[in-house]
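**Q** Got these off Swiss-Prot a minute ago, pasting:
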ACT_SITE  HIS193  active site, proton donor/acceptor
ACT_SITE  CYS209  active site, nucleophile
COMPBIAS  303-323  compositional bias 'Polar residues'
DOMAIN    40-84  domain 'LysM'
DOMAIN    96-233  domain 'L,D-TPase catalytic'
REGION    303-334  region 'Disordered'
SIGNAL    1-23  signal peptide
Amino acid sequence: MKRASLLTLTLIGAFSAIQAAWAVDYPLPPTGSRLVGQNQTYTVQEGDKNLQAIARRFDTAAMLILEANNTIAPVPKPGTTITIPSQLLLPDAPRQGIIVNLAELRLYYYPPGENIVQVYPIGIGLQGLETPVMETRVGQKIPNPTWTPTAGIRQRSLERGIKLPPVVPAGPNNPLGRYALRLAHGNGEYLIHGTSAPDSVGLRVSSGCIRMNAPDIKALFSSVRTGTPVKVINEPVKYSVEPNGMRYVEVHRPLSAEEQQNVQTMPYTLPAGFTQFKDNKAVDQKLVDKALYRRAGYPVSVSSGATPAASNAPSVESAQNGEPEQGNMLRVTQ
């Protein structure tokens, strides 16, 4: 079943190049907590051309909105009420530098000396050209990068009837955008960079690099230093026991290795400690099973006696001036 590839093509065909984006800052939770933010609801308006326009408004990935709403169309009808998945569990990793979770199409940045985490949507490698899991660092900051297509990229482009030049100069048409962070992994072939195709952010379409919206990479580029640690993980299932005793799981669709795989039904590799978490008497195992089946992409309470809905979801019936409603757990800044 070629669900993933067909959905990607549908999204790319439907999305227009919209430049507006927002940086989302979450205040760090107390020690021992990983739950941040609040889910929001939004009613699609007449002027909303497509799902990507809505995703950019909330600086999230269109794929995450599709996960959260399950049956929504890539071009939702006006009047449709959708969930914006802006509540999340922080990755189970040290809160420093850059953390990329491929499975959730998100990049986390912990600015040194600040009690916040910045969360950005990203685009990653497609099947056969996957972005690798790695622990590395920012090896080089490159403003106004040029792009030298590899032999493989040039061949794949020729197969689509596109002849690429040996070198693409810096500028608005450069596929790397205006800013690039070269990772020290391997031979330095992997970058975190902008893009001349903003439709691709939030999808699996790159040759292995990590793509960001233009305003997002500009903000990240200005903040990070050479040597900043970078950890790339692939964890579709996250879980947390909060200080107040509440239990949560956040489940994303796993990354498929082949187009024929159905990401809604393919099995998971569960994180360490998950079996013990599920078997605890304070956890409702039926709610865990429902969360693993549903794969909604946002935290769900699985505490015994809880309901399978995410907590604290304020209504954003019609965001004014294109801005989402702001709660005390979420700050949105340009």
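Numbers run from 1 along the shown chain.
Cβ atoms here come from the backbone N, Cα and C positions, even for glycine.
Buried or exposed, and what's around them? Tell me for each listed feature.
**A** Taking a C-beta cut-off of under 8 angstroms and a sequence separation of 6 or more, HIS193 (active site, proton donor/acceptor) has the following same-chain neighbours: PRO145, LEU176, GLY177, TYR179, ALA180, LEU181, CYS209, ILE210, ARG211, MET212, ILE217.
For CYS209 (active site, nucleophile), the Cβ neighbour count at a 10 Å cut-off comes to 22, with all displayed protein chains included.
Mean model confidence of the domain 'L,D-TPase catalytic' (96-233) amounts to 90 (pLDDT, 0 to 100 scale).
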**Q** Can you tell me how the residues of the domain 'LysM' (40-84) break down into helix, strand and coil by DSSP?
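**A** With helix first, then strand, then coil, the domain 'LysM' (40-84) has 15 helix, 8 strand, 22 coil.
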**Q** In the domain 'L,D-TPase catalytic' (96-233), how many residues does DSSP call helix, how many strand, and how many coil?
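**A** Its residues fall into 25 helix, 49 strand, 64 coil.
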